[in-house]
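Residues or ranges marked as domain 'UvrD-like helicase ATP-binding' by TrEMBL: A:6-283. Here TrEMBL flags A:Ala27, A:Gly28, A:Ala29, A:Gly30, A:Ser31, A:Gly32, A:Lys33, A:Thr34 as ATP binding site. Summarising the annotation, TrEMBL assigns domain 'UvrD-like helicase C-terminal' to A:284-589.
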Amino acid sequence: MQNLLHNLNPEQLAAVTLPAQSALILAGAGSGKTRVLTTRIAWLIQTGQVSPSGVLAVTFTNKASKEMLARLSAMLPINTRGMWIGTFHGLCNRLLRAHHKDAGLPQTFQILDSQDQLSAIKRLLKAMNVDDEKYPARNVMYFINGAKDQGLRAHEVEANDDYNRKFVELYDLYDQQCQREGVVDFAELLLRTYELMSRNQPLREHYQSRFKHILVDEFQDTNDLQYKWLKLMAGQHSAVFAVGDDDQSIYAFRGANVGNMSAFEREFKVENLIKLEQNYRSHGHILDSANTLIANNSKRLGKNLRTDAGHGEPVRIQEVSSDLQEAQWIIEEAKSLINEGALRSEIAILYRSNAQSRVIEHALFSNGIPYKVYGGQRYFERAEVKHAIAYLQLMDNLHNDSAFLRVVNFPTRGIGARSLEQLQDAARQYGISLYAAVPFVTGKAGAVLGAFTKLIEAARFETQQLPLPEMVQIMLDMSGLMEHYRTEKEGADRIENLEQLVNAATLFVSEEGFGADAPALLGPQASAMAGAAITLADGVEIIDADAQLSTIMSPLSAFLSHASLEAGDNQAKTGQDALQLMTVHSSKGLEFDAVFITGLEEGLFPHENSQQEESGVEEERRLMYVAITRAKKRLYLSFSQTRMLHGQTRYNMRSRFFDELPDEALKWLSPKIQVQKNDWFARPKAAWVDEPQAGANNIAKNFKRDSGWRIGENVAHQKFGEGVIVNIEGGGDNARAQINFGKHGMKLLDLTVAKLEKV
DNA sequence: AGGGGTAATTCTGGT
DNA sequence: AATTACCCCT
């Protein structure tokens with residue numbers, strides 16, 4: 001016990017040892033937030049205030065929950081596997097599997113990632129003959145997710161005009177389609193669980209009385225639904241320990257509501273509000289920069305970080321003339337850091353958007369410097385892996401139409417658009433899945449489709465009793481995927497990725513306790529290793545979700561959940577000491593000796609899409625705050641005069657954030673040029689000289705460019721009809737025109753390619 | 001049916 | 001620049 005608590009500062013100690021009431025901990029960056037959370041759990045258990053099974057700890061990322069588990073098992077001599085520590089989505093998945101009947105789901109329900117969700121919506125729009133110009137699939141998806149994030153079903157969404165009523169209707173139809181196919185999207189995992197618990201009193205009371213202590217990490221990132229979910233799980237008697245930092249709220253774009261912090265304080269009658277303001281991570285100049293920057297935000301709960309570490313080195317700022325030079329400069333600096341003895345893994349290169357990593361990666365690669373990229377294209381999102389997963393999904397749930405369509409003709413087996421049309425007609429007519437509709441298709445189409453379902457059934461049957469890795473291997477062979485990529489000329493990488501899937505399955509089985517002896521499905525023998533029994537209103541006894549994972553879902557279902565929920569780290573070369581590349585978002589929670597924040601330009605960081613509303617810029621500022629506070633000893637900021645983006649060169653002003661940092665903490669490596677705010681033409685000459693022929697989003701220069709077209713000219717296009725040129729950008733081989741085609745809308749056409757006629 | 005080539009669109013962040 | 005949608009030919 002003494003061990004647990006020693007070395008905590010007074011605020012941390014106070015937080016860890018709070019009585020069993022709801023508490024809000026405002027934890028600044030680097031203030032030992034995770035330490036407080038884990039020590040709190042350990043202390044509660046060690047002092048006998050709660051048993052391990054009475055603790056529910058919720059995080060947002062898998063990384064965070066793994067870290068928490070690891071730290072806890074180091075502190076406590078108990079097996080942490082049975083503890084309820086996980087992400088909102090992971091925990092909901094578990095609850096829904098255990099209570100799938102009451103939740104109205106098949107046991108093998110599958111989880112759609114956002115790619116899958118979007119294609120499911122596209123499919124729906126097509127089937128319903130919806131004008132996808134008026135109702136783009138992406139907008140429909142935003143609408144649905146936005147509603148679900150607020151905890152609203154279609155019939156609960158207010159719509160005051162026909163346009164919105166259509167969205168509501170589509171939301172409803174989408175839910176029906178998902179239900180028919182036995183699939184749920186991310187938001188649905190939470191909403192379903194919420195509805196299950198609010199509807200089912202015995203279940204609710206069981207979990208409410210069980211979870212005496214609920215702890216929430218990154219509370220500022222909760223959305224309305226997650227907040228309601230927490231309220232429901234807590235009931236009247238659980239103590240909710242919420243840890244968060246309003247200054248690090250960077251997920252408003254997916255529904256996070258910082259207002260939940262004050263709502264929590266009010267509704268949970270929080271008497272214990274503790275601020276952790278002592279920072280143990282960053283040197284003074286870095287921390288001062290962060291504090292000064294974030295003070296520019298208006299809506300804050302108020303908090304100022306302090307450190308005992310002394311000023312340390314100044315924050316270094318570098319202006320470069322192009323993104324290529326930026327990469328080169330980073331490499332020079334990183335090299336000298338490494339020469340001075342720095343570990344590569346202690347150097348992070350951060351950027352606002354994933355697209356920026358390419359140039360840096362290229363430079364690192366050609367300089368032979370090992371690096372590791374986080375995020376971006378994840379393993380389970382690669383096309384070939386998605387195909388393999390779709391076969392597995394189909395084997396586990398025949399009615400998953402998305403999976404069916406993805407692989408029914410991949411590798412090609414003579415099933416074309418016409419056959420599929422017949423099949424979809426039949427499915428719609430009887431209201432059944434594509435798989436189930438196969439027998440209704442006659443003729444040659446029926447035969448080829450029948451062969452496909454036979455294949456799936458054979459794979460299912462042959463692998464039924466086999467361990468997961470063998471199941472995967474057999475699927476890869478039987479499906480013909482391996483064969484297909486063997487004959488493709490660029491297929492070597494893909495083959496490797498597919499073989500990797502067998503390894504992933506092996507690893508998964510051993511890590512998650514799906515040993516060969518584990519029962520494949522919930523059966524009579526399962527109750528022996530299950531958790532408590534719950535008696536439902538109708539007298540039926542069911543087992544709660546505390547049971548071993550292997551008793552509430554099959555290895556295959558679990559593996560498929562894992563693939564959707566974790567998407568897999570971007571396969572990193574293991575063991576190698578490497579530079580760390582990632583977006584600012586994915587850097588949250590991490591720390592490094594040296595940090596580069598790159599691309600600090602208006603339009604990029606802060607991002608242009610966020611500049612419409614003040615709240616958007618404030619979120620960007622918080623993002624910058626997160627980025628700065630990742631650095632322990634040394635911080636570099638860079639911006640470039642020109643940058644290749646979307647295939648054309650852009651000229652950006654330096655980020656406004658430079659004007660929000662304290663001068664005395666900064667050291668300009670390149671001369672600081674006074675730029676009047678928003679005065680584009682005051683930019684240094686150099687920007688022009690570098691790329692004389694590049695066009696850019698600039699007005700004056702475009703008139704000089706002779707693309708053969710001029711703004712205001714009337715043109716005709718084969719497909720879009722008549723239109724008028726609204727703007728021309730770029731020049732030479734890059735010339736593109738923005739043309740208003742009236743009812744066909746605004747189009748951006750490449751003038752060197754598009755066939756336009758003068759009218 | 002399906003491959004290959006061309007035209008058009010995308011492009012913030014991530015469970 | 002890179003991916004996706006579309007068209008045309010075999």
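Placed from the backbone N, Cα and C atoms, the Cβ positions cover glycine too.
Residue environment of A:Thr34 (ATP binding site) contains 17 other Cβ atoms, counted within 10 Å of its Cβ in all protein chains. Averaged over the domain 'UvrD-like helicase C-terminal' (A:284-589), the predicted model reaches a pLDDT of 85. Take the CB of A:Ala29 (ATP binding site) and look out to 10 A: across all protein chains shown you find 25 other CB atoms. Excluding A:Ala27, A:Gly28, A:Ala29, A:Gly30, A:Ser31, A:Gly32, A:Lys33, A:Thr34 themselves, the residues of that chain whose CB lies within 8 A of the CB mean position for the ATP site are, in sequence, A:Val36, A:Asp245, A:Leu276, A:Asn279, A:Tyr280, A:Arg281. In sequence order, A:Asn279, A:Tyr280, A:Arg281, A:Ser282, A:Leu305, A:Glu591, A:Thr629 are the residues near A:Gly30 (ATP binding site), counting only same-chain partners six or more apart with C-beta under 8 A.
Under the DSSP three-state reduction, A:Thr34 (ATP binding site) is assigned to helix. Secondary structure at A:Ala27 (ATP binding site), taken from DSSP and collapsed to helix, strand or coil, is strand. All protein chains considered, the CB of A:Lys33 (ATP binding site) has 23 other CB atoms within 10 Å.
Neighbour density for A:Gly28 (ATP binding site): within 10 A of its CB lie 25 other CB atoms from the protein chains shown. Counted within 10 Å of its Cβ, the other Cβ atoms near A:Gly32 (ATP binding site) come to 21, all protein chains included. Cβ neighbours of A:Ser31 (ATP binding site) (same chain, under 8 Å, six or more residues apart in sequence): A:Leu276, A:Glu277, A:Gln278, A:Asn279, A:Tyr280, A:Leu305.
Counting only same-chain residues at least 6 apart in sequence, those with a Cβ under 8 Å from the Cβ of A:Ala27 (ATP binding site) are A:Lys33, A:Val36, A:Val243, A:Gly244, A:Asp245, A:Leu276.
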